[in-house]
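For reference, TrEMBL has these:
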- 1-20: signal peptide (SIGNAL)
- 43-78: region 'Disordered' (REGION)
- 58-77: compositional bias 'Polar residues' (COMPBIAS)
- 91-101: compositional bias 'Low complexity' (COMPBIAS)
- 91-123: region 'Disordered' (REGION)
- 114-123: compositional bias 'Polar residues' (COMPBIAS)
Amino acid sequence: MKTLAMLPLACALFAVTAHAAPPKQAAIVTKGKDMSAGNLSLNIATIPTPPTGTTQTDRGSSGSIDRQSYTTPTGTVITRDGRGRIIASSTTTTAGETSTTTHRDGDGRIIGNTYKSPTGTETTRNARGVITTTATTTTAGDTSTTTYRDGSGRIIGTKYVSPVGNVTYRDGDGRITGPDFK
């Protein structure tokens, strides 16, 4: 008897669920096909799934997000500040063993390019085309040393990666520093 009393409530819930709002039309791709017999139109709707990428989050000492970088499946890197505003983006184009990365600011203006040659040397230029840094990597066995030079050819610093993966940065005078050579 109690089961029958609950039946109208179950039907009412089903009715509400059955009449839920359809998905947004902007997210639906519809393809039509004309059937020759009777001129019937067959519409097939598919909702495209967004591509997935990787996200790297940098947090401050308080635990709040300082910066977040999202890499799309096509290789574009979008960097946002703690408030979610785009502060930089980089798009890489690869042809054979060479690649060119275009760097843009938050407003989409080009702020520089990085060109990687087949030999592994990376040359970074500013928006005016002036060379700002050059990075050359030398590998011997499991170790690698990258030497960074400014536009004049002076050594800014080096990055040494040991066989176990430890990274050591040194400035132009040979002092151990952080990744920014300061």
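Each residue, glycine too, has its Cβ placed from N, Cα and C.
Since we're looking at a predicted model, the values are computed, not measured.
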* **Long-range environment of the compositional bias 'Polar residues' (114-123) - Cβ separation under 8 angstroms, sequence gap at least 6** => 96-101, 103, 131, 133-137
* Structure fact -> Across the compositional bias 'Polar residues' (114-123), DSSP labelling yields 0 helix, 5 strand, 5 coil
* Per DSSP, what is the residue tally for the compositional bias 'Polar residues' (58-77) in helix, strand and coil? -> 0 helix, 10 strand, 10 coil
* Structure fact -> The correct DSSP tally for the compositional bias 'Low complexity' (91-101) reads 0 helix, 9 strand, 2 coil
